[in-house]
Structures are given as C-alpha cells and as structure tokens.
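Asks: For reference, TrEMBL lists these features for the protein:
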- 12-31: transmembrane segment (TRANSMEM)
- 15-301: domain 'Sugar phosphate transporter' (DOMAIN)
- 43-63: transmembrane segment (TRANSMEM)
- 83-101: transmembrane segment (TRANSMEM)
- 134-153: transmembrane segment (TRANSMEM)
- 194-211: transmembrane segment (TRANSMEM)
- 231-251: transmembrane segment (TRANSMEM)
- 258-279: transmembrane segment (TRANSMEM)
- 285-304: transmembrane segment (TRANSMEM)
Amino acid sequence: MEETIICQWSVFRSLLAILQWWTFNVTVIIMNKWIFQNLDFKFPLSVSCIHFICSSIGAYVVIKMLKLKPLIHVDPEDRWRRIFPMSFVFCINIVLGNVSLRYIPVSFMQTIKSFTPATTVVLQWLVWRKYFEWRIWASLVPIVGGILLASVTELSFNMFGFCAALFGCLATSTKTILAESLLHGYKFDSINTVYYMAPFATMILALPAMLLEGNGILEWLSIHPYPWSALIIIFTSGVLAFCLNFSIFYVIHSTTAVTFNVAGNLKVAVAVLVSWLIFKNPISYLNAVGCAVTLVGCTFYGYVRHMISQQPPVPGTPRTPRTPRTPRTPMSKMELLPLVNDKLDDKI
C-alpha cells in the first residue's frame with residue numbers, strides 16, 4: 001500500500017513538473033511574439049537584454065538570498081577563461097531566437113529549432129571527429145525531411161527570420177560542444193548556469209542594444225498609447241524567462257530521460273497549437289505534416305539515443321573518456337552519443 005502511494009506521488013510529481021515547464025515555456029514564447037507583433041516593440045536585442053537582467057537578479061535571489069540552491073563555486077580565472085566564451089555563444093543563441101520570433105510565426109520557429117539534434121551531431125562529427133553508428137544518422141532523416149517540407153510550404157516564410165532560427169540552432173550546438181570542453185569539472189544545473197552566464201550576457205549585449213535600438217525605443221515610448229503597461233508586460237516576460245530556468249531544473253529531477261524527451265517534443269506541439277489559436281497565422285496542410293514529421297523524428301532520435309546508451313560496451317573495446325581534454329582530442333571509432341539533451345536550449 002505504501003509503495004503504491006509513493007508510486008502515485010512520483011507520477012503526480014512528474015506530471016506537475018512537466019505541466020509547469022510547459023506553462024512557463026509556452027507563455028514566454030507567446031509573450032515574446034506578442035511583444036514583437038502586438039505591442040510593436042520590434043527590438044529583439046533589448047528584449048533579450050531585459051531577460052538577461054531579470055535572470056541575473058532572479059538567480060542571485062534564489063542562490064544568495066533565499067539559498068534554495070547551493071552555489072557552485074568557480075575560480076575567478078575560470079570565469080573569464082571558461083564562462084565568458086560560453087556566455088558569448090549563449091547570448092548569441094538567445095538573441096537569434098528572439099530575432100527569428102520577430103519575423104516568422106512561432107510554429108515555424110519552433111519547427112526549425114527542432115533541427116538542433118542534427119546540427120549537434122554534425123558539428124560533433126566535424127569538430128571532435130566523433131563517429132556515430134548508423135541508427136543515429138538514420139534517426140535524423142525525418143527531422144531534416146520534416147523541416148524541409150515545413151520550410152517549403154510555410155505561408156509566412158521570411159528569409160531573415162528563417163536564417164536567424166537556423167543559425168540559432170548552430171549556436172545552440174556550438175554552446176553544447178563548448179560546454180563539454182570548457183565546463184568539464186563543473187556540474188552546473190540550470191540555476192547556476194544562469195547565475196554565472198546571465199551577467200556576462202548582459203554585459204555583452206547592453207552596449208549593442210543601446211547603440212542599435214536606443215533611438216527606436218525612445219521613439220516607441222513617445223508614440224505608444226500605453227507605454228508603461230507595455231513595459232510591464234515586457235519585464236514580466238523577463239521574470240517568466242527566469243522562472244522557466246527554475247522549471248527546467250525541477251523537471252529534470254522529476255522525470256526520466258525518456259519522459260523528458262517525449263515531453264519536450266509534446267511541448268513544441270503545444271506551443272505551435274497555442275500560438276496558432278492566438279495569432280491565427282495561416283498553416284497549410286503540408287506545413288502541418290512537415291511539423292508533425294519533425295516532432296516524430298525528434299522523438300525517434302531521443303529513443304534511439306536512449307537505446308544506445310543502455311547497450312553494454314562491446315568486450316575488448318576501449319572506453320572513450322566522456323570529457324575530452326580539448327575539442328580536437330582524437331577519439332576511437334566507436335558508437336558515441338550526442339552530447340546534449342536538445343530540449344535544454346530553452347533557458348532564458
């Protein structure tokens with residue numbers, strides 16, 4: 001009886017974690033699109049900078065004041081030698097995501113972001129000379145095919161937004177590869193990641209945002225009928241962006257890897273559906289098919305990766321170290337797993 005209650009509580013806890021993760025993620029995406037489209041605040045650099053500021057403050061409060069998470073200490077030298085390069089790529093990743101949201105629908109942007117597993121595998125193959133077995137490559141075929149179909153049939157296609165989303169995938173993959181080489185030895189969770197990277201990202205982005213978008217924001221403030229209400233919405237999106245990081249930490253510790261992968265792909269489907277209900281962007285039948293094929297491909301990719309991770313090593317095969325000393329360290333030609341869970345690029 002007691003075991004049944006514990007099992008039921010575990011299932012309930014997992015469902016609650018997934019639902020609150022979905023809620024924060026979809027809300028942040030929809031709010032950002034609403035800011036660009038309905039509030040006419042077409043300044044993605046400034047929106048990203050506001051998110052970084054809110055996340056920096058939120059992480060400080062959670063770790064230093066409320067002490068809900070222990071601080072992972074990083075040497076001052078490592079902060080500049082390791083954390084700063086990661087923060088730079090991290091900043092580019094978030095900015096490109098917001099730029100793409102300004103120009104293309106949420107549904108199309110989320111579909112393109114599902115291309116991240118493919119770019120991660122290809123970059124690991126090119127940069128680290130990692131060799132993956134044929135099942136990994138085969139699982140990428142529906143992802144690539146679905147995105148091609150969705151792109152060709154997208155009724156609101158914008159080349160600039162498409163390129164921003166695509167380069168955002170490359171930035172996410174680059175961040176993954178850098179994290180494996182630069183952050184080895186540090187077991188960062190999502191909150192500590194934000195604590196160290198968000199202030200650097202703010203410092204990197206603040207000046208470009210002011211120079212490129214400052215005059216436009218002043219003009220927007222002068223002509224917008226309700227500027228203070230709009231600013232409240234913009235800063236609220238920043239607060240929710242930090243809450244999203246906390247929800248990611250919670251869901252990772254409450255679910256299995258397989259559940260997390262499936263939930264991540266269903267989250268994309270939920271975001272696409274909610275955005276369509278709110279913004280009414282036109283979606284053709286073939287475009288919907290392309291999106292569905294992509295999400296099924298991502299789920300299959302996660303399943304294949306999980307199955308390979310459960311395989312016992314082949315007798316006599318030397319084990320490859322999990323963390324190479326440098327990105328160019330030669331690696332044996334054995335089947336290897338892609339580095340990241342591709343759904344963790346939601347942070348901030």
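Including glycine, each Cβ sits where the backbone N, Cα and C put it.
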Asks: With Cβ-Cβ distances below 8 Å as the criterion, list the same-chain residues six or more beyond the ends of the transmembrane segment (285-304) that contact it, or say none.
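Replies: Beyond its ends, the transmembrane segment (285-304) has Cβ neighbours at 107-108, 111, 114-115, 117, 135-136, 138-155, 257-258, 261-262, 264-265, 268-269, 272, 342.
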Asks: If we call contact 3 or more Cβ pairs under 8 Å (sequence gap 6 or more), are the transmembrane segment (83-101) and the transmembrane segment (258-279) touching?
Replies: no
Asks: Top stretch among 12-31, 43-63, 231-251, 258-279 for CB pairs under 8 A with the transmembrane segment (194-211)?
Replies: 43-63
Asks: Where else in the chain does the transmembrane segment (43-63) make close Cβ contacts, counting only residues six or more beyond its ends and a cut-off under 8 Å?
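Replies: Distal contacts: 32, 35-36, 69-71, 91, 94-95, 98-99, 101-102, 191-192, 194-195, 198-199, 201-202, 205-206, 208-209, 212-213, 216-217, 220, 234-235, 237-239, 241-243, 245-246, 348.
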Asks: Quick one: average pLDDT across the domain 'Sugar phosphate transporter' (15-301), no decimals.
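Replies: Reported value for the domain 'Sugar phosphate transporter' (15-301) is a mean pLDDT of 90.
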